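Enquirer: Before I ask anything, here is the structure I am working with.
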Amino acid sequence: MSKKALLMILDGWGLGDHGKDDVIFNTATPYWDYLMETYPHSQLQASGENVGLPDGQMGNSEVGHLNIGAGRVVYQDLVKINLSCRDNSILKNPEIVSAFSYAKENGKNVHFMGLTSDGGVHSSLDHLFKLCDIAKEYNIENTFVHCFMDGRDTDPKSGKGFIEQLEAHCAKSAGKVASIIGRYYAMDRDKRWERVKEAYDLLVNGIGKKATDMVQAMQESYDEGVTDEFIKPIVNAGVDGTIKEGDVVIFFNYRNDRAKELTVVLTQQDMPEAGMHTIPGLQYYCMTPYDASFKGVHILFDKENVANTLGEYLAANGKKQLHIAETEKYAHVTFFFNGGRETPYDNEDRILVPSPKVATYDLKPEMSAYEVKDKLVAAINENKYDFIVVNYANGDMVGHTGIYEAIEKAVVAVDACVKDTIEAAKAQGYEAIIIADHGNADHALNEDGTPNTAHSLNPVPCVYVTENKEAKVADGRLADVAPTILHILDMVQPAEMTGCNLIK
């Protein structure tokens with residue numbers, strides 16, 4: 001078994017449908033064809049939940065390299081929360097247990113506040129509905145929902161329908177709509193404290209237009225020409241849903257940028273000049289970490305701890321490694337590959353080759369691939385690295401231009417560079433794994449023949465360049481790449497890596 005491994009990431013080099021849109025298939029790639037005929041290969045899934053994104057969402061380079069280096073699926077916040085609601089593990093979330101137990105034992109009110117829409121950018125109605133269900137399970141009488149209306153990520157008059165949906169859910173679950181206000185006020189992010197004050201006064205002091213029918217109140221606002229984003233404060237006259245000392249507040253937005261300012265005035269900082277004071281004893285829960293500087297707030301879904309990435313694990317075991325790419329993908333083979341860490345590990349060398357200074361890469365489709373290849377071959381021939389990762393950027397960066405002839409030239413350049421790199425690696429006793437992080441050049445045309453500049457949902461290749469004639473490679477996903485590299489290096493996979501070795 002070889003003890004040296006080369007991981008080659010061909011950015012944007014997916015496995016297409018072999019139609020006209022599949023530039024890789026339709027371009028002469030003699031060396032790639034040789035690899036596919038000679039060595040064991042398989043397919044990796046590189047999009048959707050296989051890389052921790054919402055189902056059906058295209059993969060991207062950041063997420064791809066994060067999963068490749070982590071050796072596990074790294075879930076995005078939204079997906080993590082969705083899964084937790086779906087499999088009911090949210091009920092065992094220690095912060096959820098603490099919030100609702102505290103309210104139950106101390107007879108406190110529970111408040112849910114956040115963007116009440118299906119826009120999917122800042123929040124999810126499903127998460128809100130689940131919170132209402134949990135309140136019902138804990139039998140909490142006073143559960144109040146404070147609705148921030150959208151109209152930016154949704155139709156400007158869709159909010160009335162969302163309030164109807166919420167009220168219908170609350171009727172069979174728990175909770176009452178206590179207040180409504182536009183996101184323009186409640187979710188400012190530009191330090192316009194006079195706007196935030198409108199939301200603060202509504203939530204804390206119950207200042208707003210009194211209404212007995214919240215859906216009707218929304219319609220009246222529309223009739224006056226005021227749509228969702230700008231809805232003025234509305235108070236449910238039938239309940240006292242103001243936030244009081246020692247209450248439980250759950251801010252259910254999972255995106256942080258527009259949740260910070262309201263959190264600041266409720267929990268972090270008195271602003272007497274603006275008439276806003278933090279509320280004593282508030283049990284305040286954020287869906288995700290809103291700001292590392294916030295004190296005394298709870299976090300329902302904390303950031304993933306990506307410990308023991310491939311880079312970290314190799315360094316801890318005294319291995320020498322090289323990470324190399326041109327500028328466009330340098331952050332991907334360093335920062336993202338190492339789980340979001342800027343600083344190199346011990347014995348980790350990095351080579352950055354400048355990308356060409358052109359307006360768009362169709363003007364130079366080979367980019368800096370040949371320069372990367374030359375530096376890489378020289379490094380391979382030094383024979384001092386146990387592990388090397390390289391990214392060839394062309395398939396993705398030229399793929400994004402949508403210019404077919406340029407993508408063809410990019411594919412030709414990559415094929416030539418793969419040849420020189422792999423032949424050098426074989427001569428020095430390296431085994432290689434060749435993959436992509438996601439597709440792009442494999443799907444360059446839409447069905448109507450217009451250029452497609454986006455990534456594709458296609459699987460990506462996994463080629464195992466080895467002397468072992470018996471070897472086979474199983475299908476998998478990007479999270480399986482790091483365990484496979486460790487297998488080549490004859491190293492035991494750390495517990496944190498939940499991916500699988502694909503070499504059989």
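Here the Cβ of each residue, glycine as well, is placed from N, Cα and C on the backbone.
Feature list, courtesy of Swiss-Prot:
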- Ser61: active site, phosphoserine intermediate (ACT_SITE)
- Asp11, Ser61, Asp437, His438: Mn(2+) 2 binding site (BINDING)
- His122, Arg152, Asp153, Arg183, Arg189, Arg255, Asn256, Asp257, Arg258, Lys329: substrate binding site (BINDING)
- Asp396, His400, His455: Mn(2+) 1 binding site (BINDING)
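What's the neighbourhood like for these features in this structure?
Expert: Ser61 (active site, phosphoserine intermediate) carries a helical DSSP state (H, G or I).
All protein chains shown were included, and the count of other CB atoms within 10 Å of the CB of Asp11 (Mn(2+) 2 binding site) stands at 27.
Sequence-distant neighbours of Arg258 (substrate binding site) (same chain, 6+ residues apart, CB-CB distance under 8 A): Leu115, His122, Arg183, Met187, Asp188, Arg189.
There are 18 other Cβ atoms within 10 Å of the Cβ belonging to His400 (Mn(2+) 1 binding site).
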Enquirer: Asp437 (Mn(2+) 2 binding site) has how many other Cβ neighbours within 10 Å of its own Cβ?
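Expert: Its Cβ shell of radius 10 Å holds 34 other Cβ atoms.
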Enquirer: Which of these recorded positions is closest to Asp11 (Mn(2+) 2 binding site) if you go by CA atoms: Ser61, Asp153, Asp396, His400, His455?
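Expert: Closest candidate to Asp11 (Mn(2+) 2 binding site), judged by Cα separation, is Asp396.
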Enquirer: Just jot down the residues in the same chain as His438 (Mn(2+) 2 binding site), at least 6 apart in sequence, with C-beta under 8 A of its C-beta; none if empty.
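Expert: In sequence order, Asp11, Gly12, Gly14, Ala46, Ser47, Met58, Gly59, Asn60, Ser61, Gly64, Asp396, His455, Ser456, Val460 meet the Cβ cut-off.
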Enquirer: If you measure from the C-alpha of Asp437 (Mn(2+) 2 binding site), which of the binding-site residues Asp153, Asn256, His400 fall inside 10 Å?
Expert: none
Enquirer: Sorry to bug you, but what's the C-alpha spacing from His400 (Mn(2+) 1 binding site) to Asn256 (substrate binding site), rounded to the closest Å?
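Expert: Computed Cα spacing between Asn256 (substrate binding site) and His400 (Mn(2+) 1 binding site) is 29 Å.
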Enquirer: Could you tell me the C-alpha distance between Asp153 (substrate binding site) and His400 (Mn(2+) 1 binding site) in angstrom, no decimals?
Expert: 25
